[in-house]
């Protein structure tokens, strides 16, 4: 550069710029441009300031759709021709049968408590009293033979003879040879505690059977009266005799029903 420096000349008029001068200016300009280029390349890259960060507090579970950056709108695609959509066949509704509540079963009726069965006592047997012959000889109209249930049977006493003559007697019901049963005590009467005395009027045939049995005096209980009549109607009798000949006659039979203690 010193060689190219312009020196003053005195006394001579020379042109202001020559070729040498132009070459020097060009070299100087190139050097300056190179120096400027080097200075620009050694400069540090400009620092980009950080973008501000925005924080937002949300509850747990909230969507973050609003925070997502908006996507660039995609170019609208050419709409495809609509396809025919086949409608599904309608499903028939299910018929729900109403649930019918069955009535609650009625509770089984409680069987009635059995009544306590009373202790069965041995059936007392009505016994007949020994036959007592009447004072007068028996006749078909007035013959009477009274028996009562007071103890064991006793052989009948012989009839006392009167003016009617010997060989006459009243009908006899109590004799060991006859085997007449005692009247049974009705169970219902025994349960109810029924007692009583029955006086029967019996028509005895000459064969010794009871042709008819009538209640002359009731015990006060129909059950006892019926049992007494039914039993005596099956008895066998020793028929009444008149002059040692069997004749039909009336006699009385007394049955006493009494419960044992």
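For all residues, glycine too, the Cβ spot is worked out from N, Cα and C.
Please treat TrEMBL annotations as automatic predictions, because they have not gone through curation.
As recorded in TrEMBL:
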- 20-39: transmembrane segment (TRANSMEM)
- 44-197: region 'Disordered' (REGION)
- 59-69: compositional bias 'Basic and acidic residues' (COMPBIAS)
- 105-121: compositional bias 'Pro residues' (COMPBIAS)
- 122-150: compositional bias 'Low complexity' (COMPBIAS)
- 151-162: compositional bias 'Polar residues' (COMPBIAS)
- 170-261: domain 'TonB C-terminal' (DOMAIN)
- 188-197: compositional bias 'Basic and acidic residues' (COMPBIAS)
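Applying DSSP to the compositional bias 'Basic and acidic residues' (188-197) sorts its residues as follows: 5 helix, 2 strand, 3 coil.
Within the domain 'TonB C-terminal' (170-261), the DSSP-based counts of helix, strand and coil residues read 17 helix, 36 strand, 39 coil. The domain 'TonB C-terminal' (170-261) scores a mean pLDDT of 92 in the predicted structure.
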